[in-house]
Ligand SMILES: O=C([O-])CC(=O)C(=O)O
Ligand SMILES: [Mg+2]
């Protein structure tokens, strides 16, 4: 079945057309199209519908033996026929998200050079820097609206994966389409190949990236500068998402470019936005405010500090002073509670450090002691250290707080600070738990407790859709806060008094639309997008939503 939308006029034909994943329909080309586009004899005789193709594809998917094989299989369909890929993923969204995205995408990054089949996106190598404009020009898509870029240095909690990190921009952009409705014709994944410090990759004869240590900081900064300048020349209005950069670069890059082009850092700002939205939902479900909470973060990197700063802003919005809000937020890192006498902090960490006098009477300032002293109501893990929320840590917290909120957020599953089942067992089933990677519901005392996946996937597709639809020129902090509020409103535990802290992923398309609306309205309010009325805005957002369905093709002469 093709849609009732108007036909597309296509200048390509023959094998070339079949090799264009954005246009290929495979066995679904009609007899008339096969004639018009010189496809006779290039396809088996039977003219199929997308439903026929879906049945075959899903059957083959089910025959794959491992999650990584399922990932490879889906990526192959994506490279062959994007319409079929997105329809298949949309039809089985909850089942396939963990395959195309976290956690399986982590494995796909680690195995990138071993499982490589086909080109997708751009690899911009440091030694090709003089050709930056040519490289961007050779991106076959003319109208790019969203770029996700990584340099592969901090892929999930898995560290430096070199060019293997490309799995992440590809996965994130698949979600922009599957969850946010952005047409795949408008998305472009990019990996900046500035070398790798992962010795195993450098020694691996299969490794496909630049076999070179990461370039020096000065060389790196100049290279990223050239990249951003070239992007601005080629697509001045694009939305650029920074993804999985190392801590040393994430915040500085964001600060350097956020007033220069429409960009955001998903790990810092997207994660902050989804976590604050989930915290708001947890507080509302308990009829408390965020400003009532004492929050301990384990992991003082850019993600942890980003969430902490956004938490401070959200507490202030409830009416307390900045100083009072900061007094309720505690960062624990490798040297324990972050205090102002430690000299390793970067600026963004120093702002969140407590005065050393706070710990003067404590018995050290490690995680357990901090929990015992601070008596937090919320514990958030963003340190990538598996199992750091030990039974002792969780039980100590529970002894000071009847219903603790505990979010082990590190990804993928193998890096989680604790698993939900243990947390619920150690807290007599009282904790409110959300994780970064997906987990099955936990059965406790015969009750099935759903575990929310507090992953930035709830946020970035909606932000992207809102920005693209409203043609916003910047991503402001207030736009991110609107996204948090829109997400909290959808929490089943708040709306219905039961269920999870976040809506099921099966509703993510709808949630992304709601987020897009709030984000776009806020952009208009702040004059970073042209004003329209609300009805018109809804219409524009709707119009920007691409559906994975085949259009009829007519031949256009070149
Ligand atoms: O990709 C994910 O699942 C979330 C994320 O940004 C990260 O962990 O870096
Ligand atoms: Mg990330």
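Cβ coordinates come from backbone N, Cα and C, glycine included.
Nobody curates TrEMBL annotations by hand; they come from automatic prediction.
Among the features that TrEMBL reports, domain 'Malic enzyme N-terminal' is placed at 78-258.
The Cβ of residue 101 (active site, proton donor) lies under 8 Å from the Cβ of 171, 172, 174, 175, 457, each of which sits 6+ residues away along the same chain. Feature annotation from TrEMBL assigns active site, proton donor to 101.
Residues annotated as (S)-malate binding site in TrEMBL: 154, 411, 455. Counting only same-chain residues six or more apart in sequence, the Cβ atoms lying under 8 angstroms from the Cβ of residue 411 ((S)-malate binding site) belong to 102, 103, 106, 156, 157, 436, 437, 455.
Residue 172 (active site, proton acceptor) is surrounded by 27 other CB atoms, counting those within 10 A of its CB over all protein chains shown. The feature active site, proton acceptor is assigned by TrEMBL to 172.
Taking the Cβ of residue 244 (divalent metal cation binding site) as reference, residues of its chain lying under 8 Å away and at least six apart in sequence are, in sequence order, 150, 152, 153, 154, 155, 156, 165, 168, 267. Per TrEMBL, divalent metal cation binding site is recorded for 243, 244, 267.
Taken from TrEMBL, the feature domain 'Malic enzyme NAD-binding' applies to 268-524.
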Which same-chain residues, if any, lie at least 6 apart from residue 243 (divalent metal cation binding site) yet have Cβ under 8 Å of it: 148, 149, 150, 168, 169, 172, 265, 266, 267
Recorded positions near ligand 2 among 101, 243, 244, 267, 411, 455 (Cβ under 6 Å): 243, 244, 267
Annotated recorded positions 154, 172, 244, 411, 455, filtered by Cβ under 6 Å to ligand 1: 244, 411, 455
Where residue 244 (divalent metal cation binding site) falls in three-state DSSP terms: coil
